[in-house]
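A.B. asks: This is the structure I have questions about; it appears just below.
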Amino acid sequence: MLLIKNARVYAPQDLGLCDLLVAGTQVLAIDKQLTLSGIACEQYDAQGQWLVPGFVDSLAHIAGGGGEGGFATRTPELQPTDAVRAGVTHLVGVLGTDATCRSLADLYGKTQSLNAFGLNCFMHSGSYEIPVKTLTGNLRNDLMLVQPVIGVGEIAIADHRGSQPSWQELARVVSDVRVAAMLAGKGGAVSIHVGEDPSGLTLLNQVADNTALPVNQFLPTHMGRNDRLIDQGVGFAKRGGWVDFTTSTTDAILAMGERPAHDALLYAMAQGAPLSQLCFSSDAQGSLPHFNAAGQLDGLELASIDSLWAETAALIRNKSLGVPDALRVITTNPARALGLAAGKVAVKGGADFNLVDPQALTITGNVCRGRWMMRDGELLAHTPFER
């Protein structure tokens with residue numbers, strides 16, 4: 001058992017200064033003053049640090065990504081300790097542009113590797129392309145028979161690297177995912193990579209307008225590319241859809257008109273988008289390519305998982321949002337979008353949380369599945385190959 005004393009608990013709602021008791025992988029109690037006697041229990045004095053939910057990252061290229069500049073530009077896989085340092089306790093692995101030399105079998109292996117390490121990792125079937133590639137040969141079977149598969153994506157639209165699907169083709173994919181997810185008790189999110197083409201969210205709106213499929217089945221990401229796309233996202237959020245802003249970016253991409261995620265969120269909210277429909281994701285280990293006017297790659301950088309908290313902390317540091325509202329975009333909101341029981345600190349809920357220095361806004365501690373992964377800034381969890 002683990003007893004955390006004197007923590008300012010954001011669940012993400014502000015519970016004030018509390019003690020929190022962990023038993024196994026669950027939170028057993030949260031109260032103003034907890035005492036135990038006659039029971040072996042580790043006690044830790046948080047000394048007023050914030051205790052916040054473990055972060056939920058809905059899009060990470062955990063097995064590596066990239067390759068748009070040839071084989072030399074393939075990106076490396078995610079190191080589990082990077083997720084720990086970043087405070088991410090739940091994440092979803094995806095394939096992107098390359099589903100030929102990168103496979104769903106490899107993604108599955110990496111997903112299970114991260115789970116074995118002690119994280120909560122899931123994956124999507126598919127990639128940028130339609131027809132969708134699958135593990136079992138059938139998308140419904142993937143959702144129903146493969147435990148960590150919780151959705152599909154990231155399917156590319158409005159992008160020269162996508163398959164240029166029609167709305168009818170996309171609707172059939174969404175239908176398969178929705179039915180299978182209902183039968184399997186999963187969320188069935190359809191992760192959508194939205195590119196720079198002005199068509200933006202047109203396909204998603206066409207599916208919603210012409211079928212009985214709910215708009216919130218879609219989770220479109222990279223929505224901060226430019227103000228035109230954010231404006232489309234505002235309308236999408238107002239009709240009940242999700243809008244996800246990517247926290248990883250580069251100076252070159254920002255110079256092309258993209259807004260940093262924290263700024264894109266505030267812009268969208270100022271235009272009337274409800275906070276309840278807005279999320280952040282890191283796109284970790286994905287390539288951040290820059291293409292010139294001729295469509296040729298002329299720059300490439302690596303997306304980082306620690307950007308998830310950096311952009312959220314910017315909202316808090318700038319006092320743009322209160323702590324509970326800022327936390328929602330990386331906790332309860334993405335958890336709802338994915339259909340996961342995560343993103344909250346609650347009695348009988350999972351013991352997945354972070355400790356944060358309230359002055360520096362740095363992550364000092366991480367507990368995942370009830371186990372210390374990092375304490376006082378020191379990593380306690382290691383892979384077999386770390387010395």
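Just so you know, glycine gets a Cβ as well, placed from its N, Cα and C.
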A.B. asks: TrEMBL has GLY66, GLY67, GLU68, THR97, TYR128, ARG161, ARG225 binding substrate. Which one of SER287, SER304, SER307, SER320 is in the same site?
C.D. replies: SER287
A.B. asks: Going by a 10 angstroms cut-off between Cβ atoms, which of the binding-site residues HIS61, ARG161, HIS193, HIS222 has the sparsest surroundings?
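C.D. replies: Candidates: the binding-site residues HIS61, ARG161, HIS193, HIS222. Fewest Cβ atoms within 10 Å: ARG161.
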A.B. asks: According to DSSP, does ARG225 (substrate binding site) fall in a helix, a strand, or coil?
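C.D. replies: DSSP assigns ARG225 (substrate binding site) to coil.
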A.B. asks: Rounding to the nearest whole angstrom, report the longest C-alpha distance spanning GLY66, GLY67, GLU68, THR97, TYR128, ARG161, ARG225, SER287, listed for substrate.
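C.D. replies: 21 Å is the greatest Cα spacing among the residues binding substrate.
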A.B. asks: How many whole Å apart are the CA atoms of HIS61 (Zn(2+) 1 binding site) and HIS222 (Zn(2+) 2 binding site)?
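C.D. replies: The separation of the Cα atoms works out to 14 Å.
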A.B. asks: By a simple count of other Cβ atoms within 10 Å, which of GLY67, THR97, ASP283, SER287, the binding-site residues in the record, is least packed?
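C.D. replies: Counting other Cβ atoms within 10 Å of each of the binding-site residues GLY67, THR97, ASP283, SER287, the minimum falls on GLY67.
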